[in-house]
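Written out below as structure tokens is the structure these notes cover.
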Amino acid sequence: MTPENPGTASAKASVLAVVKNLADGAIARDLTRELPREQVRAVVEAGFSRLRIPKELGGDGLTIPEWGDVLIELAAADSNIPQIFRGHIAFVEDIVHRPDDDYRKLWLGRLLDGEMVGNAWAEAGPTAMGQKNTLFTWKDDELTVSGQKHYTTGSIFADWADVSGIHQEQSVAGFVSIHQTGVTVQDNWDGFGQRTTGTGTLFLDEARVDPRDVAPLGDRIRYQAALYQWILLVVQAGIAVAVERDITEAVRTRSRNYSHSSADLAKDDPNIQSIVGEISSIAYTARALTRGVAEALQRASETGVAGRDSEEDREANLVAEIRSEQAQVMLSELVPRSATLLFNALGASAASVGRGLDRHWRNSRTVASHNPVIFKQRAIGDWLLNGTPPPVDWNVGTPPTTKTATTDPERP
């Protein structure tokens, strides 16, 4: 048996060792909207990128389910952290599955050296459906990119931004160095939840791009949409685990009680026990569903290596997408419910801003608002009833019509 590389075998342990530091300041950061710059850098330096990179290439070689277990622990400590790494996680997965050439070696080296990639796909402003105003163009023998990107999660912490746009009338994505003139990242995210993800706006003004870093979006891994959704499921699972942790500790140590309670201590009250039991069951369900999606993604990653676009590979990718949507439908309801049930088991003091218990609901509800669940459950139904594959290459924008949803259709 080949011995493990002693320099990389501890990446998982090193990343998990950072968890306590993440949790210690999570409430304060949420209250003040302080970006977790030091915490993100600590996770990176602990070997975050190495987790999924194969052992023979210098990483830990975790499977996607194993990777997910680590991510859930990070999310339970601070739910913002895995979402910050959402674009980076997808990038690592794509690089791992690229052909073994000099370009792949270049990026693997950067990842192993601790460089980070952020996300920059969404167009800012009232962009027409399917249109991108971000353009890659040649200027004086240099490839540059100009435009504005919104919801650029992770980019404010990163070294590179994964920027989508148009190049020579083709939909592409390119990796743009953050550390150059012509690139500005603004933290203008004002959501009531996931406050410290740095999900702001990226401004690009003739920023330089290495032509090697620009490629058609269709070249990416086939299960990228499901992977992106899975990361949000990881966040939901982490929130559910955090709710279970916080309610258990709060009830165990609670000495005050109501005169009409069913027991002297809250922990002995069967009504409270029932609530805690439901919260724990939701946490278990969230973990189980997230792992189920991870297993489907792992299968898709393996079939992609064996034969991309084969019948087996297409089936594996379909299953991964459906499983991610099914889990999203359930966790979008269950985890916010868990975060609400928490208050039923405590007194008015639970509403204290300083305790930060409300952040669990705010964070879960915000995550659930990504990729609206109503469209996902409809896609599942259409697939089951009519065999229609769910859409995986979709976009957001202004429809190319002047009609509105409230306009009555013309009658014959």
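Positions of Cβ are set from backbone N, Cα and C atoms, glycine also.
Predicted, not measured: the structure shown is a model, and the values here were computed from it.
These come from TrEMBL:
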type: DOMAIN; residues: 20-115; note: domain 'Acyl-CoA dehydrogenase/oxidase N-terminal'
type: DOMAIN; residues: 236-371; note: domain 'Acyl-CoA dehydrogenase C-terminal'
type: REGION; residues: 391-412; note: region 'Disordered'
type: COMPBIAS; residues: 398-412; note: compositional bias 'Low complexity'
**OP:** Could you break down the residues of the domain 'Acyl-CoA dehydrogenase C-terminal' (236-371) into DSSP helix, strand and coil, giving a count for each?
**Re:** 110 helix, 0 strand, 26 coil
**OP:** Summarise the model confidence on the domain 'Acyl-CoA dehydrogenase C-terminal' (236-371) as a single mean pLDDT, whole number.
**Re:** 94
Original post:
For the domain 'Acyl-CoA dehydrogenase/oxidase N-terminal' (20-115), DSSP counts of helix, strand and coil?
Top reply: 69 helix, 0 strand, 27 coil
